[in-house]
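Worksheet: one structure, shown below.
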């Protein structure tokens, strides 16, 4: 709480850390600080997420093993290595179970990473509603950047210039063996179905 900025009456303080959702201690700690905290989790197809995670690491450590070799404990049997964090993070149902011990599902909003690209205003409309805010962000605030493959803000807060995601976002993914991608899809399917049931949302990842 000491690290958070002072919040005036009528203001909402927001903080983001990507690793909260997968950190075992986080739900209990946040609950003990403020049981009424609203939580927003952005999720995307776990297979795409794993490849994106690998791409990010590859840009910093070009000599790491191939995606295919890291994915399997045993390539012949097709046994997926769930200890690899890139795979582990996408088992959303497992992480959510931990959060539901401390927070009701109605206090958590799940935002679709895919819809954030295809319909950013619509998805941010859901965020604004969830936070009890007036819908100020609309379609007119975005344009699609073909180079990046992502929507950009027409102008950033306090600036007259457009704002796009930084250089570390929108990297081209390496070509992954399609058999490996299919094995991963099969691996994640039951976890995805469980996640859809838990959240009441079908994210359409299959």
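Glycine residues also receive a Cβ, built from the backbone N, Cα and C atoms like all the rest.
Listed in TrEMBL for this protein:
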- 30-189: domain 'Sulfotransferase' (DOMAIN)
- 44, 52, 169, 170, 171, 172, 173: 3'-phosphoadenylyl sulfate binding site (BINDING)
- 152-164: disulfide bond (DISULFID)
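Known features from TrEMBL, placed on the structure.
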| residue | record | contacts (Cβ under 8 Å, 6+ apart) |
| --- | --- | --- |
| 44 | 3'-phosphoadenylyl sulfate binding site | 52, 112, 113, 114 |
| 152 | disulfide bond | 142, 143, 144, 145, 162, 163, 164, 165 |
| 172 | 3'-phosphoadenylyl sulfate binding site | 55 |
| 173 | 3'-phosphoadenylyl sulfate binding site | 51, 52, 55 |
- What count of other C-beta atoms do you get within 10 angstroms of the C-beta of residue 164 (disulfide bond), across all chains shown? 17
